[in-house]
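Input: a single structure, listed below in structure tokens.
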Amino acid sequence: MGHRRRGEAMLQDMLPGPSTMASVTAHLGLLEALSVAIYTTDAEGRITAYNEAAVTLWGWRPPLGTTRWCGSWRLFRPDGTPMAHDDCPIAAAMREGRPLRGNEAIAERPDGTRVAFISYPAPLRDPVGRVLGMVNVLVDISGRKTTEAALAASEARLRLATECAGIGTWEEDLRTGRGQWSAESMALLGIDRANFTADDCVEPVHPADRAMVAEAWQRAVEGGEHFDLTFRSARPAGDGSERWLLARGRAERDAAGVPVRAAGVLFDVTARHRVEAALRESEARFRASQELSPVAFAILRAVRAEQGAVADFEFEYANPACLGMLRAGGRQLQGRRLLSWLPDSREHPLLFPRFVRMLTEGRGGGEVELHYNAAGISGWFRTGAVAIDAERIAVSAEDITQRKETREALARSHAELERLVEERTTALLRESEERRYAEKAMRQSENLAALGQLAGGVAHDFNNILQIVENCTTLLDCELEGDVGAREYTEMIFGAAERGNAITRRLLAFAHRGDLRRERIDPVTLLGDVRHVLAHTLASPVVVHFEIRPNLPALLADRGQLETVLINLAVNARDAMPEGGTLTFVATVEEIQAGQAHLMGLDPGPYVRLTLRDTGVGMDETTLTRACEPFFTTKQRGHGTGLGLSMARGFAEQSGGALLIESAPGQGTIVTLWLPRADRAPEQASPRPGGMKVLGAARRVLFVDDEGAIRRTVGTSLQKAGFVAHLAEGGWEALALLDAGETVDVMVTDLVMPGMSGIGLIHQAQVRRPGLPAILLTGYVGEDVQQAMRSETGVRFALLRKPISVPELIDRISEVLAGDPAALPEPRPGG
């Protein structure tokens, strides 16, 4: 601004009389000292002279006498639109014959850079007033524009930050009493007036807090204190509860110390206030519970030595039960050292050292029972400890002396009773043995039941993966029909998926959750196939013998799983003979008579008995007891899963037989497998459907599955088969489609889904649409499915076991739509 004023003053000096043009030209040398750009033109607008500042602004030296109006390479208006040279400010001043001041424009230099400037053009006249030319002063305002843009951006960022954070801003002119409040502040206070005074601010405050707010405001204004106050709003929160606000600010004073302005921010702290209130309530409940608890409880803070090691603990809190246990009477323990109160705890491995490990290593927690006899304290205690932070631990202790003495007395009484029973009667020995076998069977059943839950979940997820692979392969097979090379690859994928199905069936077999495909098996042929496999599996130092009784009857089992069991048992025997040895297979027949108590609790009837006997290292009693536990293995990490024997036992029991392991250290191991004899041919599973059919009838199928890939592939396959497919991610979405009136001819649903099971969905759907055909997909038939099929509630559905092929599903849908009674059985009463 100073340069412009000096330039205008010099121009006034240069325009005194008739020799004005010559005077301007003569003074151009002096104008070189100015930082503002100055140039002159003749009456036609041709540039006649300019200084170096003009060259800097234009970015080039325009030729004199030919360049008209201005030396800018290109001109733009402030809004960025192009401006013709004939429309520039100096041309306009020439046309109007008067000076123009403060016109803003943008000049573009030859290198493409742009500079904003303000133009001050004025006409040059002769003594009689005729216009001889023009003189123009250009002031570069690029720096000011940059500063204005930065300020606007800063204000926008501040406004965005306060809006996003829900922070209101306010300021008050203490001289006029007028205030300015942001939209956020107005919303928080519930005020819709644009302007109001400080007195008006009391109105949105809760009546009970108005006096407190007014007093705090007065102190802030008159005493120079910062305003920092939490108060209730007169406007309740959205849920009808109290709304809490936090106002912070300060007053500014003039040079005389008179307060002239106050400004600050406003927050909604309702959520924080609720959390703090809940915390206080929680602390009060905790303290009340500890005050009344019979269990001793204390919080200990570490006391560290100069090197940082934990040297002691001091009591930070102790409840009344703790005071009583430590014989403290009415004395307080806060600040007392643990070792000064219980000096012998330093040497007790379950006290002081355990507390130290809790802080330094994060170990030593959980409850333990210990005996303590020092400092006037004697008895058995159950203690627990947990780290609160890096310096404090919480400790609980319960006196269990009387309970432990009672338990020991009961144990002695029980032992005495057992001795008397054993001495007085041998007749109960068989009952005792039977009870032992029953307890063993119960434990095994409970273990397998627990593992069955895991197997069911694994099978469900694995079946879903296999389902996606088979569905995608079926679609590829249809798309690549006629491509012999691609067909070979899809057949390989189908084969791999079928092997995956077999793995799932075997995993479920040992947990009693799978479906065995039992068939008549010739033991001689079976063992011949096993001999061929073992020839490539077992190491050469192991010699394999087969002892097979002639004319063995057929047995009844799943052939694939039986082969797997025998091979796994043979591999276990090989691992037990690292230096080599002999493995013998024996096949015989055993008949269990009615009324005969079998060692393994088998029902009367004919059985084929398969025995594997090795000359390995054998097992001790502890290992033998746990041999069939799931995941138990004596092999090195990575060389065994611990599932082989548990799966073998599960297969035998599910097949109607049993498995027995006999072993001793250094005497090898004998594994005996009983399987029922095949007196008649079992029911055979229906063959897997072939290729996908195209039915052509646009029947509407509602397919429900929580797996997106399964929904997509099955939906595509159904559409290719001529169906109209409606897809739903879960039970509630499917019911919403039905409630919306969507036409559905048949519903297909997975069993296991989040929120609502497939059985629950079928029940709800058939309540809405009686007679709606339904198909349930599941990897295994559990108790819930069997109960639903026996139910009298009228729930009807066909059953397909996963993973299923798309052609198989289409065939079953066709059967259900055709009204095949075998496809959709009537519900049966009973349990």
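Placed from the backbone N, Cα and C atoms, the Cβ positions cover glycine too.
Bear in mind that TrEMBL entries carry predicted annotations, made automatically and left uncurated.
Owing to the predicted nature of the structure, the values given are computational and were not obtained by experimental measurement.
Now, the feature entries from TrEMBL:
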- 30-62: domain 'PAS' (DOMAIN)
- 101-153: domain 'PAC' (DOMAIN)
- 227-281: domain 'PAC' (DOMAIN)
- 457-679: domain 'Histidine kinase' (DOMAIN)
- 700-817: domain 'Response regulatory' (DOMAIN)
- D750: 4-aspartylphosphate (MOD_RES)
DSSP helix/strand/coil residue counts for the domain 'PAC' (227-281):
12 helix, 27 strand, 16 coil
Helix, strand, coil: count each for the residues of the domain 'Response regulatory' (700-817), based on DSSP.
53 helix, 24 strand, 41 coil
Mean per-residue pLDDT computed across the domain 'PAC' (101-153)
86
Number of Cβ atoms other than its own within 10 Å, given for the residue listed as '4-aspartylphosphate':
26
Tally of residues which DSSP labels helix, strand or coil - the domain 'PAC' (101-153)
12 helix, 28 strand, 13 coil
